[in-house]
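Report on one structure; see the data block that follows.
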Amino acid sequence: MSPFVLSTLLLSLGLGTTLTFASTHWLLAWMGLELNTMAILPLMAQNHHPRAIEATTKYFLTQATAAAMILFASITNAWILGEWNIQLTSHPLSTTLIMLALSLKVGLAPMHFWLPEVLQGLDLTTGLILSTWQKLAPFILILQLSSSNPNLLIFLGLTSTLVGGWGGLNQTQMRKILAYSSIAHLGWMILILKFAPHLTSLALLLYIVMTSSIFLALKLNNTLNLNSLATSWTKAPVVSTIVPLSLLSLAGLPPLSGFMPKWLILQELTKQQLPLTATLAALSALLSLFFYLRISYAMALTMSPNVTSASAPWRLPNPQFTLLMTLTTTLTLFLLPITPTITSILLF
């Protein structure tokens, strides 16, 4: 792909997200979401591989369905109430349809069926964009509608945490594991959205940082499945030492950064007289912890040659740019001590 086309697509991605962020009118927000979708499709299909084309087609059909639902619900709301303003969307039918459509866009369970298959068909760079940047625009709309139907949000959140935990248990492909990890983390964000939106923002920002760290490390090692993780030591020994810690941070273990949002979310759910919800969310985190530990074991405690038929590569200098991976990994591991500062900034 030429640099001019690539820069045009990336600028379109930024423009679509910015347009949705700045919109108070449903039609403009819908246009921003569609611009985002149209800009990432060429990036997804650039490999000209049947698996990539299949993933692109699935993603397009899913996003088109969600966009049609949003447009229908916003027109229904304008027809009944005479308002296109996002803040004035109050009709139960419209708010429920829009919430379900936005859940389909980001991949919340039970509308998650497309995310693992689509992510499996993409290269790691495009998968990183799909797992991080593409969630920002729908999330700002979910945030603005969070007061409309709290019971639906709690249902979606609990379902996502459980599906994300159970779905990743028997996976061997790294991109599918990260897709189920995304579903589980989205569930945590949605659970607390009604009661503490600043904690949702904190969880989303930390999820983006941690997921970026993992994707960039996998790209550095060119690793796509569990079996090939055992050969990572011969490619990048330092990365093979740090990535298991990043995975444990993604699982939410102290004293790593990923413990911060889960700890605060469980505390807030308990304050809101929802002990059963907090208990189910905490138990679902144990399911996610299991497959993160599987990856950590394969990467840090297994040496090649092992049962895999892959040959051990030579340890050659890697020419890739690693500054971004260094920054995201540092944030993934060491943010917990400044939790009070971060929460106070988000509250303002």
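These residue numbers are counts, starting from 1, taken along the chain as shown.
Just so it is clear, glycine is given a Cβ too, placed from its N, Cα and C backbone atoms.
Annotations in TrEMBL come from automatic prediction, not curation.
Record note: among 24-50, 321-347, 321-347 is the stretch given as transmembrane segment by TrEMBL.
Contact count against the transmembrane segment (273-293) (Cβ pairs under 8 Å) is highest for 177-196, out of 57-81, 93-115, 177-196, 202-221, 321-347. In terms of C-beta pairs under 8 Å, the stretch of 57-81, 93-115, 152-170, 177-196, 321-347 lying closest in packing to the transmembrane segment (202-221) is 321-347. Mean model confidence for the domain 'NADH dehydrogenase subunit 2 C-terminal' (289-342) is a pLDDT of 76.
With a cut-off of 8 Å between Cβ atoms, the residues of this chain six or more beyond the transmembrane segment (93-115) that come close are 33, 58-59, 62-63, 65-67, 69-70, 72-74, 76-77, 80, 134-135, 138-139, 141-142, 145, 148-149, 152-153, 156, 159-160, 162-164, 167, 179, 182-183, 186-187, 190.
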